[in-house]
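Feature annotations, courtesy of Swiss-Prot:
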- Lys27, 79-80, 106-107, Lys110, His112, 133-141: 5-phospho-alpha-D-ribose 1-diphosphate binding site (BINDING)
- Thr137, Arg166: orotate binding site (BINDING)
Amino acid sequence: MTASLDHRFTEFLLESQALKFGEFTLKSGRKSPYFINAGAFNDGRKIARLGAFYAEKIVEEIEAGNLPKDVDTVFGPAYKGIPLGVSTAIALTSAHGMEVGYTFDRKEKKDHGDGGMMVGTQLADGMKVLLVDDVMTAGTAVREVIPKLKAEANVEVIGLVLSVDRMEKTKDSDTSAVKAVEAEFGFPVFAIANVKEIFEAGQRIQNADGTPYVTPEIKAAADAYLEQYGA
């Protein structure tokens, strides 16, 4: 029997050393006992596998009727979203037969050559754009990129796919960052896995010495953190 998507993705996070345990200060200022380091996906094999996971999640949501079948382009916000968007578009085409473009933004407008703020598939009115990003903390990146997209063309943003949903409430409410973005922009947000699924799987996945990656101590620290900040 094939393991679930969230279980296989957790294995990948652990094998890639992208899931770290300890004490980490997040952008929000919160002290977290775990951290997802997207910088660990730093070679061709890892980024190809990561794109395959994103593509699998996207196809799963299309088949469930939660996303439309006709995605025109996958958009990854600069800088971390660029390899995510490109690798996801490649995987959607090569593994799932979908003809889909990729697009990303420039941080600074180019004043020579083709110019403009966008690279890749150029945006046009009516296009269906699917966003990809790594981990959402407060939704800042989404709020920055939506106006950029709308300034280019009257596109339809059909959804956002994350690698991990941290399932945390925002600073000023008990609503999760994911739910806040969904309510504000009107499109669905999906994640390959959420932190509860990851810690559940991590207790069953073993190190080379036979011990679980997620020990009772690590799980207790994560539970305490989510008790305080979880949504």
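Residue 1 is the first one shown; counting continues down the chain.
Just so it is clear, glycine is given a Cβ too, placed from its N, Cα and C backbone atoms.
Annotation note: Thr140 (5-phospho-alpha-D-ribose 1-diphosphate binding site) sits in a helical segment as assigned by DSSP. Rounded to a whole value, the Cα-Cα separation of Ala138 (5-phospho-alpha-D-ribose 1-diphosphate binding site) and Arg166 (orotate binding site) is 10 Å. For Thr137 (orotate binding site), the nearest of the binding-site residues by C-alpha distance turns out to be Lys27; the candidates were Lys27, Lys80, Lys107. For the binding-site residues Lys27, Lys80, Arg166, the greatest number of Cβ atoms within 10 Å around a candidate Cβ is found at Arg166.
Sequence-distant neighbours of Lys107 (5-phospho-alpha-D-ribose 1-diphosphate binding site) (same chain, 6+ residues apart, CB-CB distance under 8 A): Ala78, Tyr79. Summary: among the binding-site residues (Thr137, Thr140), the fewest other C-beta atoms within 10 A of the C-beta are counted at Thr140. The most densely surrounded of the binding-site residues Met136, Ala138, judged by C-beta neighbours within 10 angstroms, is Met136. Long-range C-beta contacts of Asp134 (5-phospho-alpha-D-ribose 1-diphosphate binding site), restricted to its own chain and to partners at least six residues apart, with a cutoff below 8 Å, comprise Ile36, Ala38, Lys80, Gly81, Leu84, Leu162, Ser163, Val164.
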